[in-house]
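Quick paste from Swiss-Prot:
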type: BINDING; residues: H2; note: Ni(2+) binding site
type: BINDING; residues: C73, C76, C89, C92; note: Zn(2+) binding site
Amino acid sequence: MHEMSIAISIIDAVAAKAEAEHADTVTIVELEVGKVAGVEVESLKFCFSAAAKNTVAEGAELAVCEVEPVGECEACGQRFPVAFHVATCTSCGSFKTNIVSGRELLIKSITIE
């Protein structure tokens, strides 16, 4: 379960930000997680809650915004929604595509007190 290592990394970043701001408590951590990032959101929330014990983030809400995957065609430049990891251009049918969105795992904001 790699979600625990991700949760610990998030807690480390959150704790560093809280320390830099001389804050005692973190109330909300907002994440952007791409739907093809390979992260199970419910597992991440569980792991975050466990990893936050006895830290400034204990009891903090982990708010997750899931980002839909978007592909871009190298042949025609068209952008299109991606249903799976294999993306075929919906405009020209080319297989020369890249996923340009949907793999994110970003801390978007931290609310501290």
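Glycine is treated like the rest: Cβ placed from N, Cα and C.
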Using a Cβ-Cβ cut-off under 8 angstroms and a sequence gap of six or more, which residues of the chain neighbour C92 (Zn(2+) binding site)?
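Those within reach of C92 (Zn(2+) binding site), by Cβ under 8 Å and sequence separation of 6 or more, are C73, A75, C76, Q78.
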Under 8 Å Cβ-Cβ from C89 (Zn(2+) binding site), six or more apart in the same chain: what's there?
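Counting only residues 6 or more apart in sequence, the Cβ neighbours of C89 (Zn(2+) binding site) under 8 Å are G71, C73, A75, C76, Q78, F80, F95, K96, T97.
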Count, for each of the binding-site residues C73, C76, the other C-beta atoms lying within 10 angstroms of its own C-beta, and report the residue with the smallest count.
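Least crowded of the binding-site residues C73, C76, by Cβ count within 10 Å, is C76.
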When you measure from the Cβ of the residue listed as 'Ni(2+) binding site', which residues in the chain that are at least 6 apart have a Cβ under 8 Å away?
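Looking at Cβ-Cβ distances below 8 Å from the residue listed as 'Ni(2+) binding site', excluding near sequence neighbours, one finds G38, V39.
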